[in-house]
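Student: Provided herewith is a single structure, encoded as structure tokens, for subsequent inquiry.
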Amino acid sequence: MKGVRVLLRAINRSRNFSSRTTPSQSQSQSQSQILLMDSSERYCYNPTLRWNPQVEEYFTNAYGAEVFSRISKALTRPSCYSCIRVNTLNTTTEAVIEKILEIQCEKRLQDTGSGPHDIQYDYQQDRPPKEIIVSRKCAEAVLRGAQVYVPGILACSAHVEKGDVVAVSVGVEQPSRDNGWAIGITRGIVLQGLKTDPQYLERDGLYIGQGITTMSRAGIFRGLSGLGVDMTDRVFRLTSFNDVMKGDIFLQNLPSIITAHVLDPQQGERILDMCAAPGGKTTAIASLMKDKGEVIAVDRSHNKVLEIHNLAAELGLTSIKAYKLDALKAVCENNLMTQSCGQSQTSQSEATEEAESMSCDTKDLPILEKVNNNITKDEGMKVGCYKSKAEERKERRRMKNGPGRNQSTGGRVDKCEGFLPNSFDRVLLDAPCSALGLRPRLFAGEDTVESLRRHGKYQKRLFDQAVQLVRAGGVLVYSTCTINPGENEALVRYALDTYKFLSLAQQDPRIGGPGLVGHCELSNGYFEEWLRAGEEDLVQRFDPSGPHDTIGFFIAKFTVGPKD
């Protein structure tokens, strides 16, 4: 419709001019207006999310074509607000609000949390603007408020110098000859900005803003790190809270904050966060307990465990203990009095001394492995060793979207061999998932029905572990950040049908909508059952296209009855 309105305006203008110009002048003017229309349509942000055809069929069956189209559109845009969790152990909500208002006044922030905005790129027919194409991952970060860093830049116009104003667009995967998906851009190619460019049409509607280069073209493609473009005008204007009130606030999605409240942790309880990194929900749980109790956080990644440590220290929380552990091996079946959870060669007295030295209660906590002192900053790498090319590539990936807590380079973490059954009052399983609810998302074609099904199978295995670890009378909360019913409602169906001692519980607060009732049957014969009538209001489903403008998210809360 926008294109139609622009074309009508162009035609009306050409008619007005024709009454006082020659036919040739009128024709020239009309062509000029149409060219202007083409440029205004091209230099905008109006992406279309590409899905695998079978996945699109699956979601269309689940939501209906109209709702799924609306969800797909919403996913391509960031939420137009920033949700902040206040660390009430350090400050008050009122004090934080007052401080934020002061910051807004000092920086004269206006029109934040809005978009998409039209950007003036000073397009001229014979001289298109200088451009930079960034990777999709980089662009998704920029749309959330980040800057453009060198590793994320794929292509650049010729003769770009430090201080030049450039239009920034994104390279999104396109169908390739082998029936797959590929970007089709070799890093470092020269952009002409003309229709003869192979990527010219691919950039239509994918311009995310305008910025000023901090180095020349040569510097961009010679370097491996650093700021490449300082974004000065964005299609979405979001307030940055980088290093603002550090330790007093934490930027977190609304559904994630609600998940911690739904768990309803109480002071003095022992709680497990099974897939805890980067620690947002873990620290929220500890804060709700007023840091009185025991919050065990586990993750299988060495550096991610360090992230949890760092965040807990930043927020001043002492009740959190983070360990390296694969959640699929979270249950330690062996009797602690006869065998120390995988350390059969360690005597019980030695294990007790080790646990006491780490301030652990041997009656409740698992026995921890000693960390190899020969392992230093990078896990598995000894002092004096050169970094392999794989490690260098990994480091470049970490730097791709700028600095953050994920830049942790190593350090000591405690390993864990698992926990005894029924040893926690409450368990949170925020399961690894397809993440199809995260925003903004500019491409989804790599996900297939088979890959989504594999996610569901993995989550069932994790749930089987979680259900053993929570005691009778306890609470188990399951959550994901995906819109896929196979990882949400289908998991709930599996849980209720497999474990008769589980029952869905009311959630408070309740902000999300109801779950999906019914089932799905695809043309290939695949069948999947979801919720039954009466169960839909006992879960929370957050629609990214809904009025709350959140990410796509799902929460289910179970109470645990007698396990006889």
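Glycine residues also receive a Cβ, built from the backbone N, Cα and C atoms like all the rest.
Per TrEMBL, the features are:
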ACT_SITE  Cys481  active site, nucleophile
BINDING   Cys275, Ala276, Ala277, Pro278, Gly279, Gly280, Lys281, Asp299, Asp326, Asp430  S-adenosyl-L-methionine binding site
COMPBIAS  339-350  compositional bias 'Low complexity'
DOMAIN    177-561  domain 'SAM-dependent MTase RsmB/NOP-type'
REGION    339-359  region 'Disordered'
REGION    389-412  region 'Disordered'
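Tell me about the setting of these features in this model.
Tutor: Listed in sequence order, the residues of the same chain lying 6 or more apart from Cys481 (active site, nucleophile) and placing their CB within less than 8 Å of its CB are Asn253, Pro255, Cys433, Ala435, Gly437, Leu438, Ile551, Gly552, Phe553.
Taking Cβ-Cβ distances under 8 Å and a sequence gap of 6 or more within the same chain, the neighbours of Asp326 (S-adenosyl-L-methionine binding site) are Arg300.
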Student: Express the predicted model's confidence over the domain 'SAM-dependent MTase RsmB/NOP-type' (177-561) as a mean pLDDT, rounded to an integer.
Tutor: 83
Student: Same chain only, sequence gap of 6 or more: which residues have a CB within under 8 Å of the CB of Lys281 (S-adenosyl-L-methionine binding site)?
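Tutor: The answer is Ser256, Thr259, Ala260, Asp273, Leu428, Asp430.
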Student: Which residues, sitting 6 or more apart from Gly279 (S-adenosyl-L-methionine binding site) on the same chain, put a CB under 8 Å from its CB?
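Tutor: Sequence-distant Cβ neighbours: Ala297, Glu307, Ile308, Leu311, Ala312, Ile320, Ala322.
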Student: Among Cys275, Ala276, Ala277, Pro278, Gly279, Gly280, Lys281, Asp299, Asp326, Asp430, recorded S-adenosyl-L-methionine binders, what is the largest CA to CA distance in Å?
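Tutor: Overall maximum Cα spacing for these binding residues reaches 19 Å.
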Student: Write out the long-range same-chain contacts of Ala277 (S-adenosyl-L-methionine binding site), meaning residues 6 or more apart in sequence whose Cβ is under 8 Å from its Cβ.
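Tutor: Ala277 (S-adenosyl-L-methionine binding site) has long-range Cβ partners Asp299, Ser301, Lys304, Val305, Glu307, Ile308.
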